Amino acid sequence: MLDPKHLRENFESVEQRLATRGGAVTLDRFRELDSRRRELLREAESLKAVRNAASEEISRIKDKSQAQPRIAEMREVSAKIKVLDDDLRGVDDDLQAVLLTIPNIPHQSVPVGASEADNREVRKWGEPPRFGFTPRPHWEIGEGLGILDFERGAKLTGARFTLYRGAGARLERALINFMLDLHTEKHGYEETLPPFMVNRESMTGTGQLPKFEEDLFHLDGTDYYLIPTAEVPVTNIHRGEILKGSDLPLSYTAYTPCFRKEAGSYGKDVRGLIRQHQFNKVELVKFTHPSTSYAELERLLANAEEVLRQLGLHYRVVELCTGDMGFSAAKTYDIEVWLPAQDTYREISSCSNFEDFQARRASIRFREDDKAKPEFAHTLNGSGLAVGRTLVAILENYQQEDGTVVIPEVLRPYMGGCSSIGR
């Protein structure tokens, strides 16, 4: 959520910057409600000043019978104040609802653009593998090895669900454990295991609600939603809290399954693991001081990149343009891994700085010291990594002509020493 004071005082510049995101971002309703709110406040405060002065005047009148007309007059003033206060509460509610629909302001360093075609490549690491044969897509490899069962996954639930079997299930588990070990033991994150369902307040805190309700799985008759990402529960760990400035940055990692309806993706990635209703992900979340949040974003990005480097997978980092960024982000880097069968890069991690946007929605603050005024923290997160897509990248990049798949060396201790997957 944007700071209403900053929005009010910098209305035109904020509106211009938000316009670079594309879409119908209008601030007219905010300006209308904010003006009405200030008008009501002025009226209410003026009447309260009159009432306070009258109260002092009445207290000085010794003959209380002479004070009755003034008391009756003040009853009318109090009734008007109550009406104004009620109106003000209604306007405050409407203003809050409007603020929840306004996206974050892109950081000045973010390139202006309309779509992913305008994203800026930052760097590449490694080289694509060279094959002496035509590389097969991961779904063919997985089915051929008997480790991915798409038909039975669909039978059990429906489209975009997969049954992992044997070495496929073990490889998924190996990746989760490898990522968590790397982030906790080397990068210094605290491991958490949050609930996989959260309430509406948590979804609102990170920005999924109210805008993206159609993409969420809601449990009928409850206030609970299945999480679309561990970002939601982990960021909300400190919702409504005041942290110690000396404790920042706080760095958390979590493995969770993620659940998404994938509304609007009909016909996209209909085969394989790229776009599923349920998938596993290891998430990285940071709570930082505003002055260090962009340095921490670079550190978080490097932590996510190291997963791919240790796995020996070629990738690139791109900086998203204003028109391709998520609703809550001020700046985002995507890490895209190379998939040889598709002859393209695919997103495997998105690393973002939200500045104080989520912290305002979730009331996450910190104090520099015991006497300091609380300030809003900055929140960051990124995938470290999407597990299913990492498995896809391993199957496609480490495939052999005979249909087997070599297991990256760093994963072999997690696979019981196994060096390859065969039929």
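Cβ coordinates come from backbone N, Cα and C, glycine included.
According to Swiss-Prot, the features are:
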type	residues	note
BINDING	Thr229, Ala230, Glu231, Glu283, Ser383	L-serine binding site
BINDING	Arg260, Lys261, Glu262, Glu347, Ile348, Ser349, Ser350	ATP binding site
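Among the binding-site residues Thr229, Ala230, Glu231, Ser383, the ones whose Cα is located within 10 Å of the Cα of Ser349 (ATP binding site) are Ser383.
With Thr229, Ala230, Glu231, Glu283, Ser383 listed as the residues that bind L-serine, the site has a largest C-alpha separation of 9 Å.
A C-beta separation below 8 Å, combined with a sequence spacing of at least six in one chain, links Glu231 (L-serine binding site) to Thr206, Glu283, Val285, Asn381. Glu262 (ATP binding site) sits 13 Å from Thr229 (L-serine binding site), counting Cα to Cα. Rounded to a whole number, the C-alpha distance linking Glu347 (ATP binding site) with Thr229 (L-serine binding site) is 15 angstrom. The DSSP secondary structure for Lys261 (ATP binding site) is coil.
Summarising the environment of Lys261 (ATP binding site), the number of other Cβ atoms within 10 Å of its Cβ, over all protein chains shown, is 17. Counting only the Cα atoms, the space from Lys261 (ATP binding site) to Ser383 (L-serine binding site) is about 19 angstrom.
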